[in-house]
Amino acid sequence: MTRKYFGTDGIRGTVGQAPITPDFVLRLAHAVGRVLKKSEARPTVLIGKDTRISGYMLESALESGFNSAGVDVVLLGPLPTPGVAYLTRAQRASLGVVISASHNPFADNGIKFFSAQGSKLPDVWEHDVEAALDEPPVWADSASLGKTRRLDDAAGRYIEFCKSTFANDLTLKGLKIVVDAAHGAAYQVAPKVFHELGAEVVAIGCSPDGLNINHEVGATHPQALIEAVKAHQADFGVALDGDADRLQLVDHAGRLYNGDELLYLLVDERLGRDEPVPGVVGTLMTNMAVEVALRARGVQFVRAKVGDRYVLEELEKHKWLLGGEGSGHLLALDKHTTGDGLISALQVLQACVRSGKKLAELLAEVTLFPQTLINVRLQPGQDWQVSANLASESRAVETELGAAGRLLIRASGTEPLVRVMVEARDAVQARACAERIANTLSV
């Protein structure tokens, strides 16, 4: 069944345009509250947010919607998405709610949800919510209204949780680390986590003003981090996105490592300690070099649809622990129930500290195949999937690439874009093939 409002990561859009309007968000919270009350008499939800100026307005709308359905609310303030997931589980709440549009610019915002266990919710739950949205509201009477309170030490609790995932016998003393929080949800907690584990911290992207989230900083704009690492002669650079669930890492030389490489490093570190890693989940976008390297070490590799929720579903299906995406969403289910940029960074740094090796040394076995990704903005009403020209050009490209490359064309789950990815042994060929497909889509 097609979902009307939910995309691959909750509900997202431009603030002031449907569905990201205060009236819809109030109705959404009321509908979610009614779904919760089918199985629980007095549910409690936690609400966290990133640093967008619109977060205050949407937080108020959510609070009113939940209270009007007889649901209690706990406000967490600005907090990374994985922090909300952790506290939902730790506080035994019924649901976690995050107000964020992740890596998108400040004009966008969104709403996503976590189960009582701190995991992304399945499609069937989203269908139930959309069905409730189509029904008339049932307002709670005055005696049954929900109540709201704040959890003042939410950030401190999450900081301690992150630190608990780092080995007790190791320290970050002697390391200088540049931390870029994208002027987003981790602007307070990220520098403190690394500082309290012993590192000398240089903070950038940690001065939000409501309008600058993800603007030329963070995981989607790593050049600022690269320049800062070089300028400060730092050992590492850590870049998070607006809600801190994804990671990009830079070494002392300013080389950028993406999620595919870091996923392999996490596997390698565990195998080096004789921990079993029966299998790993990537996505349709994961670089072929990672798959080849893992299979050479006897580790099964499965590709999920793009989106960390689908990686999680495959991990749970196979009962595996490690998975991720090239964008920097990494999952280690023995550490956290969802992708966490801070915890992922700590696991990578732990591998470096424990081995005494640099990132380049740890990843010497993996050389990523050249990949070209082009985003093509769709025209209103454009039905690209039925294009005969696109089908013909795609067949031609796949024939040219053969077994030494891949073509992937998919719609974005969060923006009106079609993403064209070509992977080949040769960078020039990958670029040329991707441009052929992109030009066909643009006609």
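Glycine residues also receive a Cβ, built from the backbone N, Cα and C atoms like all the rest.
Binding of Mg(2+) is attributed by Swiss-Prot to D241, D243, D245, and within the candidate set S102, S115, S119, S355 the record adds S102 to that site. For D243 (Mg(2+) binding site) paired with S102 (active site, phosphoserine intermediate), the C-alpha to C-alpha distance reads 5 Å. Residues D50, P80, T81, S100, H103, G184, A185, A219, L240, G242, A244, R246, G341 surround the recorded Mg(2+) site, their Cβ atoms falling within 8 Å of the Cβ centroid of S102, D241, D243, D245, which are themselves excluded.
Note: the CA-CA distance between D241 (Mg(2+) binding site) and S102 (active site, phosphoserine intermediate) rounds to 6 Å.
Residue pair D245 (Mg(2+) binding site) / S102 (active site, phosphoserine intermediate) shows a Cα separation of 8 Å.
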